[in-house]
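In TrEMBL this protein carries:
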type: TRANSMEM; residues: 12-33; note: transmembrane segment
type: TRANSMEM; residues: 45-65; note: transmembrane segment
type: TRANSMEM; residues: 116-137; note: transmembrane segment
type: TRANSMEM; residues: 149-172; note: transmembrane segment
type: TRANSMEM; residues: 178-198; note: transmembrane segment
Amino acid sequence: MDQFAWTREEAVKYMGILMAVGAAIACISFLLIKPLSAVFEERKVLIFGGFLLMALAALSCLPMGSEPPKLAYPDNFNGTLDRYNNTIRVEDPELGCPIEQEWCATTNALLLGQFLFGYTLTSFGYPIGVTLIQTIFSKILGPRPQGTWMGILTGAGCFSRVLGPIFISFVYTRFGTYYTFGSIAGLMIACMIWLWIVRDKLVPPVYQKTMTEMVEIVSPHRQPINTQILNKKTENNVKDVDQSINLLKNEDDDDKS
């Protein structure tokens, strides 16, 4: 409303349409996660497909207009405004960027094309980032208490969604669009750099299983005497594991026949 001088009805209408389109884009983004993860590592998809797109979205919303947005004046304002040595008659005085926000008169306007482009990038990047953060974190936890740690992660996300709007509203009202989108871009870039530094740790741990555990997964109803023969460490020898499993499957087939 501030940047484009929309009425409340126009803002609700246009943002409703935009959010509906964004939801459709988000659905496409969710569907792309699996094929992207099959080609690239999940951690790289998270960094470049999630955080990088979000950072670019914020950077693309840094105002690029040639002049400040239309200013909104209070109801009791009458007269004209002398700006840039030109006398401008004020029309629709209540629409636009409020004059109480001092930066409105000196900060260039955000272009509609910028806003749409940034929203599109956000619609692609946010679903990828949120999904893969939870996926990778769950895999890293392994046998640790999943409910506890995933609850902490979700709680931290909810806490940020409480404080985030308060922080952004304060920054926007006091300092304007440059600081608002600049702070978001800085946060996304900082997170992206940090994830890149610790990328080697963003992989699931490897746990060694005994042959008995492997056999019980494939044939849980076998007699203990057959599993005891193979009760030893696999020592990461995949061929021995495959041969043993095939042997047990053949024995099951013979028993059935």
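Every residue gets a Cβ built from N, Cα and C, even glycine.
Sequence-distant contacts of the transmembrane segment (12-33) (same chain, at least 6 residues past either end, Cβ-Cβ under 8 Å): 6, 45, 116, 119-120, 122-128, 131-132.
Below 8 angstroms of C-beta separation, residues 43, 46-47, 51-52, 54-55, 58-59, 61-63, 107, 118, 168, 171-172 of the same chain, each at least six residues beyond the ends of the transmembrane segment (178-198), sit close to that stretch.
Residues 133-134, 137-138, 141, 179-180, 183-184 of the same chain sit 6 or more residues outside the transmembrane segment (149-172) yet have a Cβ under 8 Å from a Cβ within it.
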